[in-house]
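Participant: Residues or ranges marked as active site, nucleophile in Swiss-Prot (evidence: sequence analysis): Cys1135. Annotation source Swiss-Prot lists active site at His1260, Glu1262. Look at Swiss-Prot and you will find Gly307, Ala308, Ala309, Thr310, Gly311, Ser312, Gly313, Gly314, Glu315, Ile316, Arg317, Asp318, Ala678, Ser886 tagged as ATP binding site. Look at Swiss-Prot and you will find 1042-1295 tagged as domain 'Glutamine amidotransferase type-1'. What Swiss-Prot lists as region 'Disordered' is 305-327.
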Amino acid sequence: MMEILRGSPALSAFRINKLLARFQAARLPVHNIYAEYVHFADLNAPLNDDEHAQLERLLKYGPALASHAPQGKLLLVTPRLGTISPWSSKATDIAHNCGLQQVNRLERGVAYYIEAGTLTNEQWQQVTAELHDRMMETVFFALDDAEQLFAHHQPTPVTSVDLLGQGRQALIDANLRLGLALAEDEIDYLQDAFTKLGRNPNDIELYMFAQANSEHCRHKIFNADWIIDGEQQPKSLFKMIKNTFETTPDHVLSAYKDNAAVMEGSEVGRYFADHETGRYDFHQEPAHILMKVETHNHPTAISPWPGAATGSGGEIRDEGATGRGAKPKAGLVGFSVSNLRIPGFEQPWEEDFGKPERIVTALDIMTEGPLGGAAFNNEFGRPALNGYFRTYEEKVNSHNGEELRGYHKPIMLAGGIGNIRADHVQKGEINVGAKLVVLGGPAMNIGLGGGAASSMASGQSDADLDFASVQRDNPEMERRCQEVIDRCWQLGDANPILFIHDVGAGGLSNAMPELVSDGGRGGKFELRDILSDEPGMSPLEIWCNESQERYVLAVAADQLPLFDELCKRERAPYAVIGEATEELHLSLHDRHFDNQPIDLPLDVLLGKTPKMTRDVQTLKAKGDALVREGITIADAVKRVLHLPTVAEKTFLVTIGDRSVTGMVARDQMVGPWQVPVANCAVTTASLDSYYGEAMAIGERAPVALLDFAASARLAVGEALTNIAATQIGDIKRIKLSANWMAAAGHPGEDAGLYEAVKAVGEELCPALGLTIPVGKDSMSMKTRWQEGNEEREMTSPLSLVISAFARLEDVRHTITPQLSTEDNALLLIDLGKGNNALGATALAQVYRQLGDKPADVRDVAQLKGFYDAIQALVAQRKLLAYHDRSDGGLLVTLAEMAFAGHCGIDADIATLGDDRLAALFNEELGAVIQVRAADREAVESVLAQHGLADCVHYVGQAVSGDRFVITANGQTVFSESRTTLRVWWAETTWQMQRLRDNPECADQEHQAKSNDADPGLNVKLSFDINEDVAAPYIATGARPKVAVLREQGVNSHVEMAAAFHRAGFDAIDVHMSDLLAGRTGLEDFHALVACGGFSYGDVLGAGEGWAKSILFNDRVRDEFATFFHRPQTLALGVCNGCQMMSNLRELIPGSELWPRFVRNTSDRFEARFSLVEVTQSPSLLLQGMVGSQMPIAVSHGEGRVEVRDAAHLAALESKGLVALRYVDNFGKVTETYPANPNGSPNGITAVTTESGRVTIMMPHPERVFRTVSNSWHPENWGEDGPWMRIFRNARKQLG
């Protein structure tokens, strides 16, 4: 039976206005829209009155329900039939944890009520299309129709393909029908294999073969034999990549054989809780570094949010499934798309060349895709710290003559670093009889055929197959699984995981055979033991679907009880679906039909399938010389600063949490004005050291339209110049990931790919001492469609994205682009040696040209000398600022440095040649360094010692003020206000934010950038930052116990525990499941802290599901009430913990006036480094800090204070319960965005109780308790940042 319950309004006023504006633009007479959530409860038994009231209360969240009955025609948008939304999974979990076992499943839709004039059927279809995503949603016209969401179908049996009866044609038909993308020789191989077995193949076996042997999974092109221009080549592409490891194996612990590569890290204190006692402590051991970079291009083209989200999720799983289990740590993300053509902001170089109906626009990708990637990282609890964004789409004269080149099939890059224990780097042995386990969520009928689909050019496969290959994301589930993996590796020698892989392309059909095969075993499986939420799925659908957030593991049979205990505590679902066998055979039994859908020798599936041979021809690009006519420097500057590749990326940065873990030492945002120009990302190796890791990206894809090899060399060079200004040491410490994207089969591209791989793998990297131990390829970067009567193709340039990773000696010595105005000199290190080539530059692109000669690595020895020289200068502390030269050239390098320093530039380019345009806009490798004027001679001497004397040019100095002036020989070449340039540079991000977020907030942020008087972030402290008020109490040896409380989805507990630990507490890991099961109580604790994250993925209001699981369980409710009423206890709630505790007002004395915390005014997750002031309040945690003004990490989507009315707000303030407020950089309390990131009235962001014993706050002091983890800080701070005082105050209060 189904019950329907109304919910809160689903759209804010500005979202409704945007919809109405879109309808008006489409000339649809829609006058008004109202939208509200509707909840559907599938019940297995009727609810009594109390249970019904409880369900209603559970589903009451968000803004208040409209009092009036909605008017207009109903359009009900629900998740696509046959799928279960992430919201449903998490909301159902909450209902069960609150004792509502009669609820089979909760689901949610949006009811749109449309008031309109007379609309034709076609116009209604337009309205419907505007209100839903056909890839993920279904539209109904009556609420009762939602009953179809819960329809259950009978299981369907396996289907046989009549090969023996119909011969080869049966396989050809199945290939088309199932979208298998099998090549002719693979069809021959299968015909031969099954004829020898003497039976017909089942559809599931063919599907499994296609996924396991797709280009996506098998990398056939990279393993192929090559004939180029009739000449047999000596090596495959992969062998040339492996050559880098053979030449420089130094510091690499694992390459090419696992889900990620591993290199040596540093010995540090890894901080985690003991399995038996729950007590957190440091464990001194090597924290080796793992690295991985994936792409998820095809799904992102079809449905950008889930495509990018599952791209990040899959890469995170790769990291976690490395060795015998590892810890993902920090991420990077990248996008290459065609031109944005922002409505009303189209740029002169953007022409509309059309696109296929079935893929979305570049603008859609960049509106939704980054949000999906960021949302997954945010909810999982991994900071996203680095990235790139390129737009390219043009008709150019390239290798194959004049043709369309661009990224209709986008690049969506997802990568990152993690850490792994030394004894877990290598996978274990799988014993015969070992249990084969699926860890994670249930099978669902989604994401079918992703491996094969992403191996085809967009436009080749059937639209329905594209539809089937879209996936859905549930990062909170992945977090639960990762917590289990963490508990396992933390056990050291007792780790129950023998072998682990993630489930990705091809689902279990790919993952399980890979698991057993890699472990040297076969496997026997039972299909019906696989967790499934859809009983009507066929064997093929159960075995081959790509439901996300799953891992496959081998666990020794005697370790299963321990593994079971860990999973239950973390509420991570798992199923034992088989066991390892001696015989290298794969059998899958179906208990329901008592048959064998799979019965194959492993070598048929993974054996010697036909090897590919690529017989290709070389084509050389001629290019046309750049036409300079009509190009002025002033116009070029304005155009280039508006090119999205160059322009400000704030809209891509502030949506992503950049402080979670408390180990982020360098994010994208630089300096007091928080400008996104960092060269690289940096994390500390632990919470107790200054060792660390760095990541940087290099890519220069448009250059490949002129010179394949140069483009590849530049990608490596740019990654190196980006990562150089950190303290790494020997260049051999740097390891690279290479992600290759190409349109295989397109004339000239295959030979070009070979040329590019050879340039990097055989020549440049070995010469530099660089290794590429990991990478990925995507070989179908072409889109085909019909535009009117014309067949069109959009082919991407050959694109190599290099991600560089390194172990750091000291993260504090990372140099940023932020300029200082002390007596200084700016030096350009020009590795282009005066070539100043303009081919395939940003300048060429904004004038719709390609040019002829591009930049290149001109001298490998000088590139190596450059790196070594910068390392020497970093070690000698001679650099004030550093920024590499890249897209946009020297002009952009200097401008970005000036933006970061909020200063002027007085530049002189006289020594850079007579061609001023080329001097300013060439994109040859190099960097600008700022040094003290007094150090200039010593610095030039170091550069000369490294062979760079002829590359160094004095190009002026940074000066106070707002003028950005470039001269040569006393003549002004360019002069403009730095503020004007800053505003131009910001206009793309402003327009994207206006489209995507609340336009009023976007306007306020853009307006703030034009204020030259803005003093930037600043600090005023009312206390001595170096005083340790807890020291006398720590000296007694007593360590009070603090319960570090977490719920499923919480992700900030480790850094919180570390902050309390440093202040003299014993921090104890307490999961809500411990309290609900009675394993742990609160009676032994002196303090309690509820941590940040996404409990239950925030589905029933941020923190509300967590609170209700306490309020609706009598014993646990009493436990919390008793704790809060006990004298001499302290409690802190941060972010999600703040939201949760604000919903426990009925249990917390003196909290009656506390507000609720609701959706930010921007309608967006906000990650900012915000200025707050400590106000006079009873808060015991903030004692002695009143009047202080200091920045703090902010990361939330629902942090806006909501009060009932003005009287409620006045009472809250008059009682003095407000503890922190947002202030602007002038020190004034503010409601203006982004200084106030959520729009809270009067800047309120923390409140306390009347006794001061319980304080809740939205910002994160635990993430910035160490100075090194602050995005910016005054230079005179020591180890501890000012927010450490909160935790020491807590220790002091407890005596």
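Glycine residues also receive a Cβ, built from the backbone N, Cα and C atoms like all the rest.
So that I understand the layout, could you describe where these features sit and how close they are to other parts?
Facilitator: In sequence order, Ser1052, Cys1091, Gly1092, Gly1093, Ser1195, His1196, Gly1199, Met1257, Met1258, Pro1259, His1260 constitute the residues six or more apart from Cys1135 (active site, nucleophile) in its chain with CB-CB distances below 8 Å. DSSP gives Cys1135 (active site, nucleophile) a coil state; it is part of no helix or strand.
Using a 10 Å radius centred on the Cβ of His1260 (active site) and all shown protein chains, the other Cβ atoms total 25.
Around Glu1262 (active site), the same-chain residues six or more apart in sequence whose CB sits under 8 Å from its CB are Gly662, Ser1052, Glu1055, Met1056, Ala1058, Ala1059, Cys1091, Val1134, Trp1283, Phe1287, listed in sequence order. Under the DSSP three-state reduction, Glu1262 (active site) is assigned to helix.
DSSP assigns Ala309 (ATP binding site) to a helix in the three-state reduction. Sequence-distant contacts of Ala309 (ATP binding site), defined as residues of its own chain at least six apart whose C-beta falls under 8 angstroms from its C-beta, comprise Gly372, Gly373, Ala375, Phe376, Asp473, Pro475.
Remote same-chain partners of the region 'Disordered' (305-327), defined as residues 6 or more beyond its termini with a Cβ less than 8 Å from a stretch Cβ, comprise 135-136, 254, 258-260, 262, 290, 292-296, 298-299, 333, 368-373, 375-377, 380, 382, 384, 412, 414-421, 424-428, 447, 470-473, 475, 478, 481-482, 485-486, 488-489, 495, 497-504, 548-549, 551.
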Participant: Which of the three DSSP states, helix, strand or coil, fits Ala678 (ATP binding site)?
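Facilitator: Coil, per DSSP.
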Participant: So what's the mean pLDDT when you look at the domain 'Glutamine amidotransferase type-1' (1042-1295)?
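Facilitator: Averaged over the domain 'Glutamine amidotransferase type-1' (1042-1295), the predicted model reaches a pLDDT of 98.
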Participant: If one looks at the chain holding Gly311 (ATP binding site), which residues at least 6 apart in sequence have a CB under 8 angstroms from its CB?
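Facilitator: Correct list: Glu294, Thr295, His296, Pro299, Thr300, Gly373, Met412, Ala414.
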Participant: Looking at Cβ-Cβ distances, which residues of the chain lie under 8 angstroms from Gly313 (ATP binding site) while being 6 or more apart from it?
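Facilitator: Looking at Cβ-Cβ distances below 8 Å from Gly313 (ATP binding site), excluding near sequence neighbours, one finds Phe376, Phe380, Asp473, Pro475, Glu478, Gln548, Glu549.
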Participant: Count the other Cβ atoms sitting within 10 Å of the Cβ of Arg317 (ATP binding site), across every protein chain shown.
Facilitator: 30
Participant: Given the binding-site residues Gly307, Glu315, Ala678, which one is most crowded in terms of C-beta atoms within 10 angstroms?
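Facilitator: Selected residue: Glu315.
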